[in-house]
Every structure is written in C-alpha cells, then in structure tokens.
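Taken from TrEMBL as is:
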type	residues	note
DOMAIN	3-129	domain 'Alpha-D-phosphohexomutase alpha/beta/alpha'
DOMAIN	160-240	domain 'Alpha-D-phosphohexomutase alpha/beta/alpha'
DOMAIN	247-345	domain 'Alpha-D-phosphohexomutase alpha/beta/alpha'
DOMAIN	386-421	domain 'Alpha-D-phosphohexomutase C-terminal'
Amino acid sequence: MNFFGTDGIRGTYGSAVTDSTAFLLGKSLALLGEDCPIVLIARDTRPSGEKLFCALAQGVYAGGGNVINLGVLPTGAVGHFVRKMGGDFGVMITASHNPPQDNGLKVFDKYGVKLCPAKQQTVSRLMSSIVADNPCGKVFEPVFYDIENIYCDDVSAGAELSGLRIALDCCYGAACKVAPMLFERAGAKVTAFCTAKNGKINVGCGANNPEFLLKKMQKGGFRLGFAVDGDADRLAVFEDKYRVSDNKVFYAIAKYMSSRGLLRKNAVCGTTLTNGGVEKALADIGVRLLRSEVGDVNVFGVMAHNNLNFGGEPSGHYILSDLETGSDALVNALFLCKIFLEEGSLLAYTQECRDVPFVTRDVPLEEGRLATPSGISGVSQRVTGLFPQCRVVIRKSGTENKVRVYAEGENAQSAAECAAAAFCSVGLPQ
C-alpha cells in the first residue's frame, strides 16, 4: 500500500489519517535512519495536530529515534532546520490548504528535500509491515528554545523593507506568528490578518481564498499583500488594489533572475499546468521552460536533474533552491518584495506575460471509484483528437477522489468546449 499522494500523506483526520498512521510513519523513519536517528517535527494549527504529534513522536521513540519539536512553523522551516541541525528526517503535520477537519504528514530527508516517489514507496512498504501499537497519552517534548526567532533571523537576513506597507493574510495557520515577525524584522510596516490559533485554518481566508485579502487591500492603502495557505508553502500576491496572478509571479521571478544573471542555464521548471502564455513570454526573453508532472516534489526533481535553481507551479508554489529546498511562501514573498522595490511594480514588470485562454474543471468521482492511468490516457487521447488546436491535461488528484481537467485554447470558447468534452468523457466507461 502506498500511503503517499501528490504531497505527502493527507486526508480526513480519524479516517484517512489517524494516530496509528502517524505512529507507523514515525517508527518507520526511525528504523530507516542511522543509529538513534533524529526526526524534526513541526505542525500547523489544526486541532488534531497535537494528537498526531504525540503519536508520531511515540513511533519515533519506539523505533529507537529521538525527536526535536519545532512547534508551530511553516512547512519550509522543516527542511531548513533539518539541514541546519543535521537531522535524519523532518515531518510537517499539515493538510496544507485543505479544510480544518483534514490533516496530513509531509516527510523530508536529511537534505531537507521532500521524499521522492522511490523513497515514499520504501517508507510505505515498511509502514505496511509494522504492527501498529495503540498510541496513547501525551508526549512532553518541549518546543526547541527560541525556534521562531531563529527561523526569522535566518530567513530575513539581508532583507531591507523599510517603510513598505504590507498586508498579510496568515490564514489562521502555521505562519500566524512568524510571518508578521519576519516582515517587521525586515523593516516593513505590517498589518496582519487571521493570526489567531482558533482552529479556523483556511476557512474563508488564505491563498485559496484570495478575495479576503483583496478586499483588505482595496480599503487599506497597502503597496503589497501576501496571503499564505495553512502551512505557508503556497502564496497569493497582491499589489495596490489588484491580484498578481500566479503565472505573472512565476514570470516575474524568472525574468528578474535572468536579467541579473542569477538564473542557472537561463532555464526554469514549470509543470504540465504552466500556461502557454508564460512559456511564450519566457521564450521572448531567452528563458527556456522545462515541464514536470504536477507536484513540487516533481518540480524539484526536474530542477535537480537539470541543475536549475528556480521552478514552480501555478498553484502558488515557487522553489528558489539557492535559498531553500522547497516552496516557502515567506521566503518567496521576501524575494518578491526585493523585485518590487527595485523595479517599482510587479504588475508593470510582467505586463508582457499574458495567459493563453484556459479553463479548469474538477470531476468528482463516486466513493470507491478510482480513475486508472490507462482510462485517463484514453480520455486525453479522445479529447485531443476532437480538439487538436487545444492543449489538455487530465489527471487524477493526488489528495482528493477527483479527476482534474485543464484545457488551453486559441480562444476562451475553444478552451471551454475542450474542457467540457473532457469533463463528460471522464464519466464514460473506460
């Protein structure tokens, strides 16, 4: 059984993800590590996070390992501190942008990188072979002393944002304390929203609900705004009274790095969902776009294989590998502030980047029914045959029982018709 999806282990707490799941993972990591391995653990603010931490820590102890408790910190901090402290593994307890009733486990190796599919399979096999003890009781493992300040000092080093008015939507999540600290330390004038640890993580706020911060931007006179998701690996960006699209953010970073001679091989990695308009705009400035499958693990894999130092997804994940080994929304936001201050406007800086018309659709699947790779491939071939002028991507969600459809066309109508054909075809016998 493979416990891992597109981005770690994830699902509804108490059914798809349980305390036993966390225990099995902790014990498996300890058994796979060196003698007395060290596992660093952080979490977001979900009510189930503390129980999963206790179960995970008990599993690590049962396997002969030790735990460093990082407390409530963004996902990016886990990879950062695994490298800094010389840990064997890191685990982030989070369901990212999912609703509060969900939770999950993202796993990092000793290099601070999320486990590749081969390592995920190894961990899954070991988890399947272990008889789960019944984890019970609390684990009294104190949070590492002053860890929030250490993280902020590390990440904000060299940043100078004096006087810049910034609005932050902290999503009631993992960044609710460190995000305001970080930007204030860099000299910005910060107004932070959704900073309470009240269990409402991702509810009507955050990167997946950009309209919340957009309304604040339109009323408050802020120059820049940043909204993160529950574990602060996903970023939505705003300038003055407008949203800066994820595609423009990706282009802005690539363009800036290329113009400053910072972009290795003058190439970047996107995914199959990166818009064709971005690819054209990049080509016009001499930057080559490589594509991976969806998921930041896949993006990082292509980056590492091709020795690139920037990649990302149109979901708001961006990897600046000279700075971090994964997508850290706060690191990315600081980098965008630098671009803004040097260029004067993110919107003006990216005006030549225009999306090709596209449509996205999600096809819910009945309980227990899974879309097979061969079935999805067949649908994709049929739809491509019907709409040869369009580009269509059909894939099974790694976190939900859905098939996701993405279609690009010469115009909005052709993209919509292509997506509709794919939507209907997924329901056909395969």
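Here the Cβ of each residue, glycine as well, is placed from N, Cα and C on the backbone.
All annotation found in TrEMBL is predicted automatically rather than curated by experts.
Among the listed stretches 3-129, 160-240, 386-421, the one sharing the most Cβ pairs under 8 Å with the domain 'Alpha-D-phosphohexomutase alpha/beta/alpha' (247-345) is 160-240. Averaged across the domain 'Alpha-D-phosphohexomutase alpha/beta/alpha' (247-345), pLDDT in this predicted model comes to 97. Across the domain 'Alpha-D-phosphohexomutase C-terminal' (386-421), DSSP helix (H, G, I), strand (E, B) and coil residues number 11 helix, 13 strand, 12 coil. Taking H, G and I as helix, E and B as strand and the rest as coil, DSSP gives the domain 'Alpha-D-phosphohexomutase alpha/beta/alpha' (247-345) the counts 51 helix, 16 strand, 32 coil.
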